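The structure appears right after this line, and notes come after that.
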Amino acid sequence: MRELTVDLGERSYPIYIGQGLLDQAASYFQKHNIGNKSPLLIIADSNVAPRYLAKLEQVLQAGGYKTASAVVPAGESSKSLAMLGDLVGKALDAGLDRKSAIVALGGGVVGDLAGFVAASYMRGIKFVQVPTTILAHDSSVGGKVAVNHPQAKNIIGAFHQPEFVLYDLNTLQTLPPRDVSSGLSEVVKHGLIWDASFVDWCEANAEKLLALDPDSLGYALYKGCSVKAAVVSEDEKEMGLRAILNLGHTIGHAIEAVAGYNEMQHGEAISIGMIGSAKLGLRYGAPEEVYTKTKRVLAKCGLPVSLPKHYDVDAIMAAMMHDKKFKEGTMVFVVPTAIGKVEIKSDVSVEWMKEIVEELKLEAEQI
Ligand SMILES: NC(=O)c1ccc[n+]([C@@H]2O[C@H](COP(=O)([O-])OP(=O)(O)OC[C@H]3O[C@@H](n4cnc5c(N)ncnc54)[C@H](O)[C@@H]3O)[C@@H](O)[C@H]2O)c1
Ligand SMILES: O=C(O)C(=O)C[C@@H](O)[C@H](O)[C@H](O)COP(=O)(O)O
Ligand SMILES: [Zn+2]
């Protein structure tokens, strides 16, 4: 078992990463002072619930907890205000009070959604992250919780940190291949922004990761979570440094919004976005390797590296204008300057960005 800390003073919390942790969930809840007098609400999606919900409920109940559960349809569309309303209804029906906790059992969709329920129910109650996807090494850490609006991704949300993160690597064995690749996108991102040697490692170990080799996965998720924890510990509310975690996300979020949140997985959209950011890096004078290596490692992880033909460039440009990094009307981008290093550039040319999105699409047409 590996352990990391998100260092936020009195709101600091651990990330536990290991095999079989679900079986020990009750003792972690007790260790972190989650009381057993008020009920817990476990939120899972329709793919995760049949696999892991009964197990978690049984372990928690055996440890003296009262549990209720809510199952949402799998997929990004569940990150909506309507679903938030439904879940608040479920929390009320189950009798959750201010001492209760919400448990997010699932990937980033459930983590963001359940976390926002916890942030807003009774103006904020405790929550615990129990991630079950590779991508959720990113989403379960750092306290960004949100739902989407049809016009903009994650635009209704809060910063609300979990009590702890319980990452049972065994759950990852049932992930479909597409979600394995999608999760690796954010793993690679953590290397691209912080640690060149980890990018080399990802490239060399891509096949093992795709095959869900437990040792490789454990190491990759530990490294990814270490980067995330270090950045969040320095800048919890994204006043500066934390923006680097957004590499590829301005283009990526725009693609997700234009796709209606149901065609492209988050990690897939971010992969295309990171290729776009690498192209922008070249325009700012980064060495060619930044682009070629970024593209190679993402492709090795089974990720898309160009924009599918049917996407409308103008619609993507319009969606990009809703990016939360926009300040005082200027385009702000995370730009790679070397492998493992990025800079935040303000006032990025809209013309350049349009040319880059067009190039991304043209490259798909050439395949
Ligand atoms: N808050 C943050 O800091 C942050 C960071 C990164 C991403 N995100 C958000 O995370 C979301 C994407 O997360 P995701 O890729 O985990 O998506 P997801 O939660 O939709 O999970 C992907 C798919 O895998 C299924 N699944 C989950 N665990 C499984 C398991 N163990 N076995 C079988 N199937 C399983 C899900 O049902 C779903 O179909 C996006 O909404 C993104 O915006 C948030
Ligand atoms: O934690 C962060 O900060 C991130 O940017 C991590 C991203 O991978 C994640 O997708 C996040 O939800 C994007 O944040 P947003 O503020 O652009 O919605
Ligand atoms: Zn992301």
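Note that Cβ sites are derived from N, Cα and C of the backbone, with glycine treated the same way.
A quick note: this is a predicted structure, and the numbers were derived from the prediction, not measured.
Per TrEMBL, the Zn(2+) site holds Glu186, His266; the candidate it also names there, chosen from His160, His249, is His249. Recorded residues Glu186 (Zn(2+) binding site) and Thr133 (NAD(+) binding site) have their alpha carbons 11 Å apart, per Cα-Cα distance. Only Gly108, Thr133 of the binding-site residues listed as Gly108, Thr133, His249 bring a Cβ under 6 Å of any atom of ligand 1; the order follows the sequence. Taking only the Cα positions, the spacing between Leu172 (NAD(+) binding site) and His266 (Zn(2+) binding site) is 17 angstrom. Burial estimate for the binding-site residues (Thr133, Thr174): highest at Thr133, by number of other CB atoms within 10 Å.
Secondary structure by DSSP for the domain '3-dehydroquinate synthase N-terminal' (71-181): 47 helix, 32 strand, 32 coil.
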